[in-house]
Amino acid sequence: MSSARLLESQTSDEDNEDIERRPHQSHSRSCSNNTTPTHPPHPMVRKGGVARRICLIGGALFLLLVALCYLTLSGDTRLGGSEDSEEGSHHGLDSMNFRPLNETVHICSESYEDRRQFMQDKPQSDYVQLPVIYFVTPTYPRREQIPELTRLAHTLLHIPRLHWLVADDQEKCNDYMDTLLYRFGMPFTHMVSPMPSKFRNEKPAPRGVANRRAALQWIRQHNLTNGILYFGDDDNTYDLRLFSEIRKTQRVSMFPVGLIADYGVSGPVVRKGKVVAFLDSWVAGRRWPVDMAGFAVNLEYMAQYPYVNMPYKPGYEEDLFLRSIGLQMNLIEPRGNNCTEILVWHTQTKSKKLGMVRLESKYLDDRSNLGALLHNLKLMGVTSTTESEGRNALISKNGRENPHSKILS
């Protein structure tokens with residue numbers, strides 16, 4: 001019962017009690033004008049009033065106890081309705097109305113046209129009945145960004161009925177990336193969704209969360225309930241069989257991921273065809289200790305949970321996302337031959353700082369290919385040119401290094 005109803009019931013009972021008291025009060029006033037001494041109320045009247053008070057207090061305590069039990073036992077699937085306030089503060093949601101806080105999403109470009117003629121030696125028409133895989137890739141500007149997206153794209157080019165959601169962690173759209181994604185010929189959406197500034201100074205920073213949240217928002221805005229959601233980082237390595245496996249997902253499917261932490265693997269423990277536990281070297285109280293690449297979700301199932309989201313809490317993104325969709329152990333579908341095969345690897349490219357070439361701007365004209373080449377590399381975020389910093393550009397000929405001015409002048 002709500003507190004408003006409880007207050008209403010208490011007020012109405014007290015009013016009834018006042019009505020019962022009024023005859024005695026008026027009798028006392030009328031007797032005060034006479035010399036005849038007044039008599040106290042009948043003992044049964046006093047007992048009745050006390051009994052009512054006891055019943056009211058007991059009822060209120062009982063309702064309070066029921067409410068506390070309900071709040072304790074009920075599993076709130078909304079991120080922001082968390083088990084403790086500290087955890088809730090990391091969700092990036094307004095605790096009052098569960099709206100995203102200070103998040104920006106901008107669609108740079110998208111295409112729903114599949115310009116690939118053949119996939120796996122079959123025409124597109126052979127695949128029209130397959131559910132679409134929405135492959136979400138968070139990415140961020142760095143020297144390796146374009147090479148890794150290019151490598152990933154040449155895996156995805158083999159997969160029919162796939163829409164690639166590329167979410168970049170920066171403020172402005174990258175025109176070069178727009179051109180690159182369009183050139184691949186598969187359906188895609190390119191969006192920018194920078195991490196809110198309040199989380200950027202955290203160590204470790206919740207990298208990729210704003211991008212995945214942006215993709216979830218895009219799916220929600222398009223009312224997509226038919227298809228499969230998969231979070232695929234740009235530096236992972238994917239077996240083509242993975243996509244056939246996750247396309248069969250009815251609710252939530254799971255499978256092991258290779259090269260994770262100390263064990264070299266993270267994934268479900270399966271007995272008699274059912275997931276019963278998890279193997280992972282970092283549990284840390286997580287109900288679902290799995291890697292982001294180790295599960296897929298059916299959009300029809302996810303649509304049952306309007307508060308689905310992902311928290312800004314490093315290490316707990318997967319766990320709290322899966323909690324937000326009400327996942328239970330008996331709903332998990334093991335894939336990869338009962339989780340005995342590795343279909344995705346958590347490979348990581350060694351990152352280096354932005355390259356720097358010291359070269360006067362006058363040599364970046366059309367006298368050689370270097371002007372256009374270095375311009376393209378700058379657009380990719382791989383290297384940059386400067387006239388005052390970095391190592392002076394050397395050009396070799398016949399095994400000998402020469403100042404660039406000697407060759408280009």
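Note that the numbers count up from 1, one per residue, in the order the chain is shown.
Here the Cβ of each residue, glycine as well, is placed from N, Cα and C on the backbone.
Comparing S9, S111, S197 with the features listed in Swiss-Prot, the residue bearing the annotation phosphoserine is S9. Swiss-Prot lists region 'Disordered' at one of the ranges 74-94, 389-409, namely 389-409.
Swiss-Prot marks one residue of N33, N102 with the annotation N-linked glycosylation site, and that residue is N102. Record note: of S12, S26, Swiss-Prot gives the feature phosphoserine to S12, with no matching annotation on the rest.
Per Swiss-Prot, the phosphothreonine annotation among the candidates T11, T35, T386 falls on T11. The C-beta environment of N338 (N-linked glycosylation site), restricted to residues of the same chain at least 6 apart in sequence and closer than 8 Å, consists of V270, G273. Residue density at N223 (N-linked glycosylation site): 8 other Cβ atoms are found within 10 A of its Cβ, drawing on all protein chains shown. Sequence-distant contacts of the compositional bias 'Basic and acidic residues' (398-409) (same chain, at least 6 residues past either end, Cβ-Cβ under 8 Å): 359-360, 363, 367-368, 370, 392.
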